[in-house]
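Database features (TrEMBL):
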- 23, 24, 25, 26, 27, 28, 129: ATP binding site (BINDING)
- 27: Mg(2+) binding site (BINDING)
- 45, 69, 91, 147: substrate binding site (BINDING)
Ligand code: S3P
């Protein structure tokens, strides 16, 4: 079991799992949080790409989204078999119920939120997201609408719009300790 000490209080948390729409800062905050806790950091998309020896855009292009989602489920389950990690998940990993159950069983799940405007600004320079190809603003608004309740299952959620990475990490630690 893995412990977090905060202000003299010790709690046991197996992993911290970050979920949220693309561009909500799961990877950058996750790295910061892992450093603060002295835990390892794991990005499920990066692990999947490494194991498959290909990129997510290529997987979508060559095999389709359903194939990617099956690999995503396998990857997540394998990662969450270990503990003491901060895990950043892909924005759509929450869509499968089995993934949601796995996350809740193996960690403290934190949803990061941001406004559509913030997300559009953060992802506009990145062309590696197959689901955001085409008209970026339209894609973000449509997917956010489709997924408006997809992250509600998390133990807690944080609006990252006006917070620094350090402030977000602080809040996650405080909430994990209170949980
Ligand atoms: C996806 C989000 C991406 C990646 C894939 C699909 C999604 O991860 O898993 O492109 O369905 O929201 P990020 O949230 O890290 O961009």
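Using the three backbone atoms N, Cα and C, a Cβ is placed for every residue, glycine included.
TrEMBL entries are annotated by machine, without manual review.
Geometry remark: residue 91 (substrate binding site) versus residue 25 (ATP binding site), CA distance 11 Å. Taking the centre of the Cβ atoms of 23, 24, 25, 26, 27, 28, 129 as the ATP site, the nearby residues of that chain (Cβ within 8 Å, site residues left out) are 20, 22, 29, 88, 91, 112, 122. By the rule that a residue counts when its Cβ sits under 6 Å from some atom of ligand 1, the binding-site residues 24, 25, 45, 91, 129, 147 yield 45, 91, 129.
Looking only at the binding-site residues 23, 25, 26, the one with its C-alpha closest to residue 147 (substrate binding site) is 23.
Ranking the binding-site residues 23, 27, 28 by Cα distance from residue 45 (substrate binding site) puts 27 first. It is 26 that, of the binding-site residues 26, 69, 129, 147, has its Cβ surrounded by the most other Cβ atoms within 10 Å.
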